[in-house]
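Per Swiss-Prot, the features are:
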TRANSMEM  4-24  transmembrane segment
DOMAIN    35-494  domain 'Hexokinase'
REGION    90-227  region 'Hexokinase small subdomain'
BINDING   GLY104, THR105, THR252, GLY448  ADP binding site
BINDING   THR193, LYS194, ASN228, ASP229, ASN255, GLU283, GLU314  D-glucose binding site
REGION    228-483  region 'Hexokinase large subdomain'
Amino acid sequence: MGKVAVAFAAVAVVAACSVAAVMVGRRMKSRRKWRTVVEILKELEDDCDTPVGRLRQVVDAMAVEMHAGLASEGGSKLKMLLTFVDDLPTGREKGTYYALHLGGTYFRILRVLLGDQRSYLDVQDVERHPIPSHLMNSTSEVLFNFLAFSLERFIEKEENGSDSQGVRRELAFTFSFPVKHTSISSGVLIKWTKGFEISEMVGQDIAECLQGALNRRGLDMHVAALVNDTVGALSLGYYHDPDTVVAVVFGTGSNACYLERTDAIIKCQGLLTTSGSMVVNMEWGNFWSSHLPRTSYDIDLDAESSNANDMGFEKMISGMYLGDIVRRVILRMSEDSDIFGPISPVLSEPYVLRTNSVSAIHEDDTPELQEVARILKDIGVSDVPLKVRKLVVKICDVVTRRAGRLAAAGIAGILKKIGRDGSGGITSGRSRSEIQMQKRTVVAVEGGLYMNYTMFREYMEEALVEILGEEVSQYVVVKAMEDGSSIGSALLVASLQS
């Protein structure tokens, strides 16, 4: 019996050792997998790093590209388009005006009532609708017939039995895509962005397309202005505060415009305006510089997009793309380890993770990160532990921090070009005394990314102070302009009628 007992004991010891070895092996394997994802995160942090020195290099590059774009057509990746807006609303406008805004995700219709004092601005009957996805690759006729029909329904609700037939309505068409203007009320489409792909429209006059659709429906409505969304935001900002000289949109896409002296627009020598200035639409989404911190995820996203090698800056800072950058990081971690469980087919779908979900993940303050868990479940990643949820929050933070800080560098680049960054910048003939006298400068900002994503907004504003320094940044005011592009465009039409 003694020998049997010894044998059993030996077997038990061997079994225990085997179990222990398996457990140790599993722990080591788990640690290796965790170490793998930590290394991926560290690589992402390094590649997205935006120290203030690097940001100032981006600022300088932006200012140089602006100068080149004003000097000659095709001289820069920045198109620096003339808008033919040389007078902005003063607050003395009055009347009733309409605006239709076609953006990247939504279209809006609104009516604005103006008194003859700046304090009387009544925005009525705002309608906001998602753009049906089938319209984005339909035809010119289908798209504009849909917009005209939407305007017709809006007018019918407004009339509601009232006798307003025979009244011609003045309409501002806010169009968030690159247009080469021939006047304030006409311009041809240069290219589509933000996922639209109606190739037959490139080179067509956008205002004429809409006016034709309105005429076909028998609507007595006149397209009085064709306005980029940034120009609309600048218009509303200037209406409230004449120190507004820059406007930026951070939404599905991103763009900026600013008030430039006509003598600095070298490619249009002899351009005369009563104000001596004109609003320039930069189309800054296509800006590029070797100083931009690009990752392998950015490269893959660009290569697989419908506009490869185009809109490089926009793809790093705008709402259409931030979610997909985060998705690509999570997918790589899933492929290199199993901390997210089996790879979900949903996770492999481009753009399945939206930037509004990234915002919700980033700003989840529940102890167990319940919102993070819910959103991960929606993309096929279920039952991950808290430390993995925290990892996802960190990914969102890294990607968003880079976006916000690069956005700030873009704004600072504009301020440098017009001599409002404290350095004098590319001054285009300004005297030394003008350079040294720092002026109050208002930057109007609009767009869902800025308005709704708190951390993006905070990172952008924090970086702007870092770049400019405390002394100069106290003269720079960033103002949110909700629905500014639509309201401001209506104000521009009003100023034309005054």
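Even glycines carry a Cβ here, placed using N, Cα and C.
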Summary of DSSP states over the region 'Hexokinase small subdomain' (90-227), given as helix, strand and coil counts: 39 helix, 51 strand, 48 coil
Listed in sequence order, residues with CB under 8 A of ASN255 (D-glucose binding site) and six or more positions away: SER176, ASN228, ASP229, THR230, VAL248, VAL249, ASN281, MET282, GLU283, TRP284, GLY285, GLU314
Mean per-residue pLDDT computed across the region 'Hexokinase small subdomain' (90-227): 89
Cβ neighbour count within 10 Å of GLY448 (ADP binding site): 19
8 Å Cβ shell about THR193, LYS194, ASN228, ASP229, ASN255, GLU283, GLU314 centroid, D-glucose site members excluded: GLY104, SER176, PHE177, PRO178, THR230, VAL249, GLY253, SER254, GLY285
Spatial neighbour of LYS194 (D-glucose binding site) that is closest, considering only the binding-site residues GLY104, THR105, GLY448 and their CA atoms: GLY104
All-chain count of other Cβ atoms within 10 Å of ASP229 (D-glucose binding site): 29
Which listed residue (THR193, ASN228, THR252) has most other Cβ within 10 Å, given these are binding-site residues: ASN228
C-beta crowding around GLU314 (D-glucose binding site), within 10 angstroms: 24
Shell of the ADP site beyond GLY104, THR105, THR252, GLY448, same chain only (C-beta within 8 angstroms of their C-beta centre): GLY103, TYR106, LYS194, GLY251, GLY253, GLY319, MET320, GLY447
Neighbouring C-beta atoms (10 Å sphere around the C-beta of LYS194 (D-glucose binding site)): 21
Distant-in-sequence Cβ neighbours of GLY104 (ADP binding site), under 8 Å, six or more positions away: ILE131, SER176, THR193, LYS194, GLY195, PHE196, GLY251, THR252, GLY253, MET320
Among THR105, GLU283, which are binding-site residues, the residue with the most C-beta atoms within 10 angstroms of its C-beta: GLU283
